[in-house]
Amino acid sequence: MAPSRRDLQLTPITGDGSSAAEIGAMEEVRLLDSYDDDEENADVLSKIEEGGGSGLRKIQVGVTGMTCAACSNSVEGALMTVNGVFKASVALLQNRADVVFDPNLVKEEDIKEAIEDAGFEAEILAEPVTTTGTKTQATLVGQFTIGGMTCAACVNSVEGILRDLPGVKRAVVALATSLGEVEYDPNVINKDDIVTAIEDAGFEGALVQSNQQDKLLLRVDGVLNELDAQVLEGIITRLNGVRQFRLDRISGELEVVFDPEVVSSRTLVDGIEGEGYGKFKLRVMSPYERLTSKDTGEASNMFRRFISSLSLSIPLFFIQVICPHIAVFDTVLIWRCGPFMIGDWLKWALVSVIQFVIGKRFYVAAWRALRNGSTNMDVLVALGTSASYFYSVAALLYGAVTGFWSPTYFDASAMLITFVLLGKYLESLAKGKTSDAMKKLVQLTPATAILLIEGKGGKFVGEREIDALLIQPGDSLKVLPGGKIPADGVVVWGSSYVNESMVTGESVPVSKEVDSPVIGGTINMHGVLHMKATKVGSDAVLSQIISLVETAQMSKAPIQKFADYVASIFVPVVITLALFTLVGWSIGGAVGAYPDEWLPKNGTHFVFSLMFSISVVVIACPCALGLATPTAVMVATGVGATNGVLIKGGDALEKAHKVKYVIFDKTGTLTQGKATVTTAKVFSEMDRGEFLTLVASAEASSEHPLAKAIVAYARHFHFFDESSEDGQKNNKESQNSGWLLDTSDFSALPGKGIQCLVNEKMILVGNRKLMSENAITIPDHVEKFVEDLEESAKTGVIVAYNGKLVGVMGIADPLKREAAVVVEGLLRMGVRPIMVTGDNWRTARAVAKEVGIEDVRAEVMPAGKAEVIRSLQKDGSTVAMVGDGINDSPALAAADVGMAIGAGTDVAIEAADYVLMRNNLEDVITAIDLSRETLTRIRLNYIFAMAYNVVSIPIAAGVFFPVLRVQLPPWAAGACMALSSVSVVCSSLLLRRYKKPRLTTILEFTKE
C-alpha cells in the first residue's frame, strides 16, 4: 500500500512558497564548523529577493501530467531553455517545479507557457501570506543516507555533484557510515532536490535528519486496515498547528510537521492518542534508530544475496568438479540436448541467474558510475565477470557451429560473484562494528521518563510515564534508584549519588543534592530524585556529544587525500594493466615465447591470456584504500568519547600526533580553579571587617574565580557560615543579604582587576599594573609583603580606596594533584610543556617549579597568549593549547590543536578541537596518545592496502607463472579482493581495544 501525504495549510507559513521554505522556515540553524564559500553561487543567491525587484526571484509551479522521470526531465529541459531562468528543479512525486529566474528577462506567464508547450499542465502556486514577520531562514544542515558507495571514488563523485548544486554551501560524505552532511540555503534548494541529485548520480538517497525542530517522527501501533488509517488521518487533520503529515501504512511510520508556536510535540502526541480513545499508541522515533535499522538492513540484504548466489554456485561446482567422477551423473550430463549437452545447459542456466539477477547490482552501480564519468569497484567486477561469462557463451556457440569445443569458465563468473558478495557482507558487518561506540551513546538515553504533574500551589498531584523524547524544558521529573536521568537539569528535591562515567569518563559516582546539575543518560545510584529539566533535545549534553562524534566521523583527515587521489586513477590503471596482460600473453603465445604445454586442455593462447587478464581486473581492490582512514577515524572518535575525550574531526586527530609544544593556562587548568583567600592584611586605619565589606562589595559583580573567593571569605568572616566554600552560591546569597554596600560604574579590566564606585569613591582591586595606571603608590613594606605571597605560589591582590592603598589579600589556588605527573609524562613523550598565564612572574615561577615546567610566560594578556602560540608555530612546530576560560578562546583558536577542559566555559569548548569531559589533565596525554595510535593504525592500513595491490596484481597477471607454474584462477582472485577490504576494516577495529595511558609512576609509562 503506497504511503499517503496531505498538505494542510492550517496555520500561516512563512517562506517563499517553496517546499523547503514551508518546512525550512521552522528549522533552527546549526552551521558546520567551517566551510568553503562558492563565491559565484553566493553572489547569485544574494540577489534573490522575495517579491521581485532588481534581483532574482523564486516561484513554485504546480505541474500536472508527469508520470515518470523522463517527464520531469522534459519539464526541466523546457524550463532551462527559457531565457532568464537561472535554475529549474522538478519534483516528480510532488508534481511541483521550483524555478529561480530574473524577473527583468522573463515573466511568470512565460514560465507557465514553457511547461504547457512541453505537453503538461501548469499552475503558478500562490506564495503563503506571512503575518508573523518571521525573518528569512538562514542555511540549514541536513544529513542524508547515501547507498551504493563502495570506494573513495564514489565519495568524490557524490561530493562533487552535491557541491555543484546551487544553494549548497558545503557537502561532506563519509564512506564508512554511508552518510552525507549538506549545508544548504532552503530559499534556493530543498531536501528533495538534494535527494534527487544523489539518485541522479546513481546512488540511493534519503534524508535522515536535519536541524529543524518542528518535525516529529512517530511509530504508530493500531493501524490495522484502511479504515484505521483514514480515522488517524482525520484526527491529525483536526489538530491545530499541524502543517503537514505523512503516514506510511506499511511501516507504521508517521511524520508530522507542526508549528511549535501553536502546539508542542507532547501535546500533539497526547492529542492523537486522546482523540483515538486509546486505539492508537504512538512512540517517538529517534533518527538514530533509522540509521541502526539501515545498517542492519544492509547487512541482511547482502547476506540474502550471498546465500542465493552460494545456493546456485554449489550445484554448479558439483556439475563442474564432482559429477564427472560419478558414472551415473556423468552419463546424464553428457547427454546431448539440441546443440549442447545437458551439463552445458544447466551450467549456462545457473550462471545466467547469478550473473544477471543476483549480480544485477554490479551492472547497475557500474553503469551509474560510468554515466557520471567515474569508475569504482563495481566496474571491475562487472567487467571481469562479464568477460568470463560472455567468453563461455561464445565458446559454447562456437563449438556448436564448428565442432571444436573450447573449455568454458562459467564457474569462474559464478564463484567470483559469490565471493565478492561474501566479502561485501563481511565488510558491512565490520563497518557496523566501527559505529558501536556511537550506538552505545545513543542507547544511554532512556526510553521513558516519569513526569510529575503539578497542581495548584505548585504541589505534585500525580505522575505519569511519558516518552523521554517528549520532555520539555521546565518539566518536573522523578528519577528512581537505578534509573537513568532522562534529561539535563537540576535537582529540586532529594539526594543521591550519580554514575556519570558513561558521559564524562569519571569512574567515581558524584554526589547530587538540591541545586546540583545532572546530565541526561547518567545513572541514579541510590535515592529518589526530583529534578527540573533545563536542556532537552539537541541542547542536551549527551546530544551534543553524539553530534560532536558524528561530525568528527563525517570529517576527512588530511591523510585521506592520498587515498582520494589513488582512487581517482585506480580503475583506469587496472584496466590498462589487464589489457597489457591480455595482449602480452597473447603475443607471447603467437611468437612461441612459451610452450603449448602451459595451455589448458583444448585451450588456446587467447583463452590462456584472458584468464590472466580477468584475474588482474578482479583482484585489484580500491575499496581497501578508501576504507583505511574513515574506519580508523570512526573507531578512534568513538573510543575517545567513551574515555571522556571528544574529538571534533579527523584533522584534529591527525594534527595531535605530532604535537611538539603543549601550552597550559594556569588558573583552572593546572590549578583546581577553587581559589581560597589565605591572607587579608590591612595597611590603613580601616578595621578588618570594614575592609572585607568594602572589597566584597566591589567584587560581588565579578564572575572571576578570585572575586568569588573574596566574597565567600568576607561572608564567612561576617557570618561564620561553614557553607561559604561554595563561592558561586554565596555570591548570589550575599547580594541579597543586605550587608554589601551599593556600587556603581563597575568595570572589569582583563589582566588587571576591577574598578567601581563605592560611596561615590573609586575602589581598585587588582595587580600592580592597575595600581600603576591609576597613580597609586605601593610602599616598600607592602611590596615586600606581596612578594612573599607570590614566592609561596599565592596571588597578591592589592586594594586601593579613594586614591590610597588600604590592604592586600593573598589568594591560593591549589594545584591539581595530577598536574606534576602529567607534565613529567609529556616530557617523556617528547612533548615540551609551557605555562602561559596572566598572573605575575613570581607566582607563575613558583607554580611552574612545583609542577616541573621550565618554560614560563607570565603577565600575558589574553591576546598575548595567541601571539605566544604563533611565535612557536613559526618554525613549523605543532602547538597544542589547554585552557578552560573565555580568556583562553583566542589561544585555543590560534593553536594547531585546542583542548578545552570540560569544566570550562561553552565559549572555550566551542573554540577547541578536543573537549576533555573530565576536569583531569591526564586526558591531555590520552588525547595525544590516542592520536598517535590512530595515525599508526591508518598508516598500517595504507601499507597493507598498497602492498596487497602491489603484490597481488603481478601474481594475477602471471608474472611468476613461468617460475612457479601457478595460475591464480579468477574466482580465487575475487576472493582475495573481497577479503582485502574486510581485513582493513578489521585492522581499524583493533583500535577498540585501546586503553588510555595510566601514569602509575613518573618513571613507568604503562597501559591500563
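Placed from the backbone N, Cα and C atoms, the Cβ positions cover glycine too.
Annotated domain 'HMA' per TrEMBL: 57-123, 140-206, 214-280, in sequence order. The annotation transmembrane segment is assigned in TrEMBL to 306-328, 348-367, 379-401, 407-426, 562-587, 607-628, 942-964, 970-991.
Secondary structure of the domain 'HMA' (214-280), assigned with DSSP and counted as helix (H, G, I), strand (E, B) and coil, comes to 24 helix, 20 strand, 23 coil. Where the transmembrane segment (306-328) meets the stretches 407-426, 562-587, 607-628, 942-964, 970-991, the count of C-beta pairs under 8 angstroms peaks at 407-426. Within its own chain, the transmembrane segment (942-964) is flanked in space by residues 559, 562-563, 574, 577, 581, 585, 594, 598, 612, 615-616, 619-621, 624-625, 628, 973, 976, 980, 983-984, 987, which lie at least six positions past its ends and keep a Cβ under 8 Å from the stretch. Listed by sequence, the residues of this chain that lie at least six past the ends of the transmembrane segment (407-426) yet keep a Cβ under 8 A from its Cβ atoms are 299, 302-303, 305-306, 309-310, 312-313, 316-317, 320, 344, 347-348, 350-351, 354-355, 358-359, 362, 381, 384-385, 388-389, 391-392, 395-396, 600-603, 607, 611, 614, 618, 969-971, 973-975, 977-979, 981-982.
Sequence-remote contacts of a segment are chain residues at least 6 beyond its ends whose Cβ falls under 8 Å from one of its Cβ atoms, and for the transmembrane segment (348-367) they are 148, 150, 202, 305, 308-309, 312-313, 315-316, 340, 376, 378-379, 381-383, 385-386, 389, 392-393, 396, 410-411, 413-414, 417-418, 420-421. In this model, the domain 'HMA' (57-123) carries an average pLDDT of 74.
For the domain 'HMA' (140-206), the number of residues in each DSSP class (helix H, G, I; strand E, B; coil) is 22 helix, 24 strand, 21 coil.
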